[in-house]
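Taken straight from TrEMBL:
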- Arg177: active site (ACT_SITE)
- Ser227: active site, proton donor (ACT_SITE)
- Glu297: active site (ACT_SITE)
- 34-213: domain 'FAD-binding PCMH-type' (DOMAIN)
Amino acid sequence: MNKYHHLYDQLIQHTNKENVLINEPIREHTYTKLGGAADFYITPSSYEEVQAIIRFANQENVPFTMLGNGSNLIVKDGGIRGIVMNLQQLASIWREGDKVISQSGARIIDASRFALEEKLTGLEFACGIPGSVGGALYMNAGAYGGEIKDALESTVVVTKDGELLTLTAEQLDLSYRTSNIPDNGYIVLEATFALKAGSKEEIKEIMDDLTYKRESKQPLEYPSCGSVFKRPPGFFAGKLIQDSNLQGHQIGGAQVSTKHAGFIVNKNNATASEYISLIQFVQATVKEKFAVQLEREVRIIGEDAEE
Ligand SMILES: Cc1cc2nc3c(=O)[nH]c(=O)nc-3n(C[C@H](O)[C@H](O)[C@H](O)COP(=O)(O)OP(=O)(O)OC[C@H]3O[C@@H](n4cnc5c(N)ncnc54)[C@H](O)[C@@H]3O)c2cc1C
């Protein structure tokens with residue numbers, strides 16, 4: 001029993017009982033396979049439930065955290081207090097004219113594949129990004145020259161106060177791996193992508209080529225959070241790490257990938273604390289050798305484990 005568990009009976013007034021898990025191990029829901037438990041792990045099944053849960057969290061002063069596919073996050077070993085919400089049940093994707101509309105719990109990979117089947121071009125770049133549509137908007141995900149900003153037309157969000165709002169893509173201030181979603185505390189519910197009619201063969205060729213590049217360069221055989229660092233202006237993070245002779249360097253079960261220096265992999269049951277120590281070691285070493293400060297792309301959330 002923790003500080004918030006007495007709220008369970010009230011919480012299940014706002015969504016089905018089956019949608020609320022208690023003390024759920026977050027490592028089951030993250031790509032790095034790291035992290036302690038969430039007090040409540042909630043997967044609402046409608047927009048109204050999302051709004052009601054936000055309002056409830058505000059009213060009861062319960063900390064609230066959104067979790068997408070957990071592919072750009074490190075959750076600390078002590079877990080996350082309060083409510084963690086995931087929108088996996090809100091994952092429909094459909095077409096209207098040349099637009100693809102996706103609920104934010106869908107994987108951006110599935111939105112990209114849907115566009116392929118519909119012979120619509122513009123989302124090929126996203127075919128290998130393992131995040132949800134919500135997580136992809138949050139950080140303006142991108143790969144191989146494309147990014148969310150190029151395709152997004154508008155989005156439906158819930159505000160911090162539980163209100164629904166439709167915003168244009170411009171209103172999100174999307175730029176390199178950032179948006180204003182964190183500052184505004186928006187929860188993304190839906191994204192509309194403006195695409196163009198294209199040839200299925202050509203779209204598929206581009207996606208196959210990007211998949212080949214990804215699979216041959218990235219250590220997809222181990223849990224990881226993808227590229228740990230943003231690209232520093234004028235440099236490549238992976239090259240700086242490689243030139244610092246850090247590939248293969250290990251702290252506990254966390255290792256700088258021998259296949260792609262920009263990745264840190266959970267090679268052998270690492271703790272979040274080992275993973276984070278390795279990130280800091282890489283930053284300090286690169287700073288010392290090249291005077292370049294590597295900025296993290298991956299977010300670190302949650303609490304340290306109690307001693
Ligand atoms: C093997 C691998 C390869 C990768 N390749 C790429 C790549 O090529 N390009 C790239 O850009 N990224 C890449 N990533 C990183 C990651 O997939 C993206 O950052 C993705 O956009 C994260 O989405 P997510 O749903 O997993 O978000 P999470 O990791 O779950 O969350 C990240 C942040 O988004 C917020 N969030 C999630 N959903 C919502 C929502 N609905 N509303 C509001 N906030 C929300 C969370 O609160 C959190 O702060 C890669 C990761 C891995 C593991």
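Note that Cβ sites are derived from N, Cα and C of the backbone, with glycine treated the same way.
Remember, TrEMBL labels are computer predictions, not curated facts.
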Could you find out if DSSP has Glu297 (active site) as helix, strand or coil?
coil
Just counting, how many other CB atoms are there within 10 A of the CB of Glu297 (active site)?
20
According to DSSP, which kind of secondary structure is Ser227 (active site, proton donor) found in, if we only use helix, strand and coil?
strand
Using C-alpha atoms only, work out the spacing between the residue listed as 'active site, proton donor' and Glu297 (active site) and round it to an integer in Å.
7
Between Arg177 (active site) and Glu297 (active site), what is the CA-CA distance rounded to a whole number of Å?
8
Other than its own, how many Cβ atoms are within 10 Å of the Cβ belonging to Ser227 (active site, proton donor)?
20
Using a 10 Å radius around its CB, how many other CB atoms surround Arg177 (active site)?
17
